[in-house]
């Protein structure tokens, strides 16, 4: 434990890291993070598997896409990919209510069950070439993946110590890109060594592995202490914190953390009373500090998708072929290297950037860097597009290298930082709903990308150069948004986020006015702010 603390202090630079006790960095908190982050691998494994499977000639023969026109083939492939995103989007709306009612832990186990069922349907449909069953399987799996995208960052942020919360929440993104990488190499290995139909059935069936690990891991993990506190189960919340922090209940650190939870809940109830689920959305938008956090969460998730991340993740083999690489095996190998780069870069982020450089600056500098590399790819497609049958030019290799550089830059900022911010900035009362809205926004725009990328490649200039110019321009706009609207949150406890966004000042004003025999409602408080 002392060794772990020394390692963390050598790489994490924030005030909380310097002041918090060493013993809080015990194995239990890392174990629960690893267990829950298999929820991220659900998403990553599917993202990495489906594009490679669609590119396999054997799969195309079974589903009849090999003989279709380029437009019909693109439409069918986009339909198969985007059905999962439709399920993810639908799941986000129920997940918030379920997580608040039944707890984070049982809901995470349920997401594993849903995903495993959907994967079984996908594998069965692939073996028999049944398109309708493939759609159903991907939608059902999407329900599990979408729910996990809400629950995992929420659960990790509520259990992690404040000093390393950013890095631990970034493990969600690390597990996503690890799943992508593993799936890429599974596709490549199957293409080389496995015959049909197993060549495409095996990559689809193996998506069930992270679901099984998620179910088993969460069976052994504790409930979120902050969820227990919201249910006024303070005895259980204290017991969980004692285990996670490796400190006695009467220690200063645990006592302060419990007191911070109690203070925040008191402020929330003073502001809004015991609101029902039906009024939480009003509460989210009527109180200025909550409204600001919700808008930031929504815009961040839109921006994350408009970097073009899932345009490349879902269709990496096709994009590499479009940039001049020939042969399915070559494009899948290039895609595998792309997955390795993403995983390595995400590891660097969570170790050296998330809780040291911070979320805001990571987003700022990567916005400009992402734009530059995307413009280079776009220029290649515009001035020297690849010619079928000819080897890749020197400029073509520069463009392909830029894809790898782009992958690394994305993981240094916009990949993990958005999930960290969306899960940590809301007030406790609205955290599940805020993460659900952020995740739903992400899945909605993810669906748009999955449904339109191949069409954009075919219609926005040779090698789809216009698509890269479009995404690069969005990156510049995103940088301005972060500069003017997103504050730094590294090292700040979840309970102190209300102070950062001015909600505690609102509570004090309400108390002062109430003491003066002037009762104030949320609606009148809102009017006073406008």
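Cβ atoms here come from the backbone N, Cα and C positions, even for glycine.
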Annotated transmembrane segment segment (source TrEMBL; candidates 235-255, 256-276, 466-486): 466-486
Transmembrane segment range according to TrEMBL, out of 317-335, 336-354, 488-506: 336-354
Paired segments the transmembrane segment (294-316) and the transmembrane segment (133-156) in contact, 3+ CB pairs under 8 A: no
Selected stretch (most C-beta pairs under 8 A with the transmembrane segment (198-221)) from 25-45, 80-99, 133-156, 168-186, 361-383: 25-45
